[in-house]
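A quick write-up on the structure given underneath.
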Amino acid sequence: MLRKIKVTFIINDEEEKTVEAPIGLSILEIAHSNNLDLEGACEGSLACATCHVMLEEEFYNKLKKPTEAEEDMLDLAFGLTDTSRLGCQIILTEELDGIKVRLPSATRNINYNGFKK
């Protein structure tokens, strides 16, 4: 049986949804499997910034540093913060048990020329 950890998604800065998620999946995959509004227009291929999320510093510091390709995509993200990452690049490990993931209030999808709210 796959080991699971707790992941809490913070939606619109007020609503929280905590789910149990298997280790080895990405934040983007977990959001989609729980019907949360995290776009992921490129389906996790690191070609957009629509799965941009913000983390608490404690969990941000537990992740490997973002690759140059991820940093380039993050530059396009709406509402970028010092603890922003792409959900497709955050793979769950035991060390991330209890992680809180803040979903942005909007995304910028350059394929559609504008913002999604």
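Keep in mind that glycine also has a Cβ here, set from the backbone N, Cα and C atoms.
Lifted from Swiss-Prot, the feature list:
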type	residues	note
DOMAIN	5-107	domain '2Fe-2S ferredoxin-type'
BINDING	Cys42, Cys48, Cys51, Cys88	[2Fe-2S] cluster binding site
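The [2Fe-2S] cluster site is defined by Cys42, Cys48, Cys51, Cys88, and by the 8 Å test on Cβ atoms against their centroid, the other residues of the chain that qualify are Leu28, Glu39, Gly40, Ala41, Glu43, Gly44, Ser45, Leu46, Ala47, Ala49, Thr50, Met73, Leu86, Gly87. In the three-state DSSP classification, Cys88 ([2Fe-2S] cluster binding site) falls within a helix. Shown are the binding-site residues Cys48, Cys88; the one with the most C-beta atoms within 10 angstroms of its own C-beta is Cys88.
Cys51 ([2Fe-2S] cluster binding site) has a Cβ environment of 30 other Cβ atoms inside 10 Å.
The DSSP breakdown of the domain '2Fe-2S ferredoxin-type' (5-107), given as helix, strand and coil counts, is 24 helix, 29 strand, 50 coil. In sequence order, Cys48, Thr50, Cys88 are the residues of the chain that are 6 or more apart from Cys42 ([2Fe-2S] cluster binding site) and have a CB within less than 8 Å of its CB.
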